[in-house]
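Among the features that TrEMBL reports, transmembrane segment is placed at A:20-39, A:51-70, A:76-95, A:107-130, A:136-162, A:183-204, A:234-259, A:271-295, A:307-326.
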Amino acid sequence: MRDTVTAQTGFAPPSAKPLLAAAAVIAALVLLPFVAQAAGSPATVALATRVLIYGIAAASLNLALGYGGLVSFGHAAFFGIGGYTVGILYQHYVADELILGLFTGSNQLLVTLPAAVVVSGLLASVIGALSLRTSGVQFIMITLAFAQMIFYLFASLTAYGAEDGLIVRRRNELFGLDTRNDTVFYFICLGVAAAFFALLSRIVRSRFGLVLVGLRQSERRMAAIGIAPYRYKLAAFVISGIGTGLAGALMANYLRFVSPDMLHWTKSGELMIMVILGGVGTLFGPLLGAAALVILETVLAAWTEHWQIILGPLLLAVVLFTRGGLQALLARLGGKP
Amino acid sequence: MSGISPEPLLSVRGLAKRFGGLIATDGVDLDVMPGELHALIGPNGAGKTTLIAQLFGELRQDAGAIRLDGEEVGHLATPDRVHRGLGRTFQITQLLPDFTVLDNVALAVQARDGHSFRFLADARRDEGLRGRARRHVTASGLANRAETRVADLSHGEQKQLELAVALACEPRLLLLDEPMAGLGHVESGQMVETLRALKGRTTMLLVEHDMDAVFALADRVSVLVYGRIIATGTVEEIRDNPDVRTAYLGEGDA
Ligand SMILES: Nc1ncnc2c1ncn2[C@@H]1O[C@H](COP(=O)(O)OP(=O)(O)OP(=O)(O)O)[C@@H](O)[C@H]1O
Ligand SMILES: [Mg+2]
């Protein structure tokens with residue numbers, strides 16, 4: 001974990017190499033739908049959309065987990081609440097009823113995404129404010145407990161479909177684009193992901209980011225230079241929850257469906273696996289981890305229904321043998337120390 | 001000893017701390033005057049580190065008052081005491097191992113600069129922070145190690161960095177917990193010179209086992225035995241104090 005963290009956060013002179021790599025990745029992602037079309041495999045676009053969405057969620061979790069050392073096992077709550085924000089706004093939009101007698105519904109992405117950001121941010125403030133009074137295993141358990149409460153709440157909320165969830169018949173609208181088209185929606189997700197990662201890359205290098213990474217290394221040292229940990233950890237937790245909620249809102253649009261599945265603790269686990277698989281405390285590691293997990297799941301599931309039996313050992317191998325996840329593996333293959 | 005103003009910078013009264021049956025701090029009264037280097041000596045387990053931890057707010061005292069420049073700080077959390085001018089170094093170094101030397105110091109400069117809720121600008125390219133940090137790193141003699149990760153530093157370098165980080169906080173009162181512990185002869189000598197250069201500019205409470213260093217540096221010395229201060233005085237007074245000799249220094253051992 002140490003090596004990979006410094007790979008991103010340690011002092012390194014600016015070099016053209018990462019910029020070139022980023023440009024190459026962006027170019028590949030932009031070309032992907034066209035290549036997929038030409039290769040006669042349109043399903044790839046849908047797959048890549050899921051990778052981007054999970055990549056945003058996992059990278060958000062990683063801000064808390066990898067950079068801040070806050071091992072949250074409850075991020076499904078934010079993923080799900082982001083999704084439900086889209087679903088509930090849509091249901092009220094269709095029924096033309098006010099939400100709680102206050103807000104109108106909406107099917108506009110420019111309304112639903114900001115709404116998901118606000119709602120998941122508020123939820124993360126509450127959960128974070130209470131959970132961050134604890135640390136270590138207690139913190140893991142308390143975040144899990146909060147997420148389970150949200151899960152059971154929505155699983156029993158008949159107004160919003162309870163266990164069956166909500167169907168979003170049409171994806172949210174944006175500038176009159178044909179969001180129903182998978183390629184168009186892919187590009188929307190790509191745009192959101194690019195903006196998100198650009199922002200995240202600045203946050204982790206900022207004064208705030210350094211304080212966060214410092215707190216992970218030694219709270220005692222940080223207190224001794226005059227930094228009270230709590231509010232910085234809370235801010236990190238809230239930003240982390242917001243990013244995850246944003247991803248959830250995209251996922252609800254992508255699936256045109258939201259259900260308590262998105263809130264289930266196994267979703268928290270999946271996000272965590274993506275982070276660990278890709279590289280804890282690295283900027284793009286979680287995106288790699290999301291790609292690996294989503295693709296593996298898809299490939300293996302087509303192959304055998306017992307795909308999890310194969311996935312388990314594979315994950316174990318990556319974690320044990322790459323020392324720092326796929327990001328570290330790539331860095332080493334690329335000749336970096 | 002002349003020129004010390006009558007109001008102490010640090011004033012401790014009736015400080016007490018127990019760990020179960022063990023009395024680690026037993027009614028300690030202590031005054032540190034502005035500008036003075038006050039040494040605190042005492043045998044292993046006397047309660048020196050425990051006292052420092054209470055002064056710094058890492059341990060809460062069971063009873064007693066801690067006043068900094070007349071203001072009671074005994075109820076404050078550590079970061080608040082740091083903002084009021086307390087700083088400390090650790091006997092067992094507490095640094096950020098994944099960060100470089102410069103990062104460690106720059107973070108202290110940054111903390112001194114106000115809150116860190118700044119999310120967008122690259123802190124490592126902030127020349128204001130980096131420049132000030134670099135000056136502290138250079139002054140501590142670590143200039144050629146500035147970009148080295150703390151985990152890769154020698155023990156002596158980590159001790160130097162401890163001091164550099166504490167000084168970057170620009171404390172009014174610096175609590176030093178055995179800054180020479182584990183240092184070789186040469187490094188020890190350098191640390192004495194560094195502290196001597198600091199004398200007069202920063203008020204210091206120095207916990208140290210190295211008696212040569214203590215007697216060379218201290219304006220006044222307090223002796224802590226079993227959690228009690230048994231004597232306070234100038235270097236000569238302490239050297240000649242018969243209680244101190246039997247309780248702590250041991251004949252010819254100093
Ligand atoms: N957290 C704690 N719980 C219980 N006992 C403690 C604790 N911290 C310190 N002690 C005990 O309190 C006494 C004083 O310890 P302290 O570390 O303050 O001594 P010291 O004077 O700094 O010694 P040294 O010179 O070895 O550093 C010791 O007997 C120690 O075992
Ligand atoms: Mg000690």
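All residue numbers here begin at 1 and follow the chain in the order shown.
Note: Cβ is positioned from N, Cα and C throughout, glycine not excepted.
Relative to the transmembrane segment (A:271-295), the listed stretch A:51-70 leads the set A:20-39, A:51-70, A:76-95 in CB pairs under 8 A. Of the recorded ranges A:20-39, A:51-70, A:183-204, A:234-259, A:307-326, the transmembrane segment (A:76-95) has the largest number of C-beta contacts under 8 angstroms with A:234-259. Contact between the transmembrane segment (A:107-130) and the transmembrane segment (A:307-326) is absent: fewer than three CB pairs lie under 8 Å, with pairs separated by 6 or more positions in sequence. For the transmembrane segment (A:183-204), the most Cβ-contacting stretch among A:20-39, A:51-70, A:136-162 is A:51-70 (pairs under 8 Å). Between the transmembrane segment (A:234-259) and the transmembrane segment (A:20-39) there are fewer than 3 Cβ pairs closer than 8 Å, counting only residues 6 or more apart in sequence, so the two stretches are not in contact.
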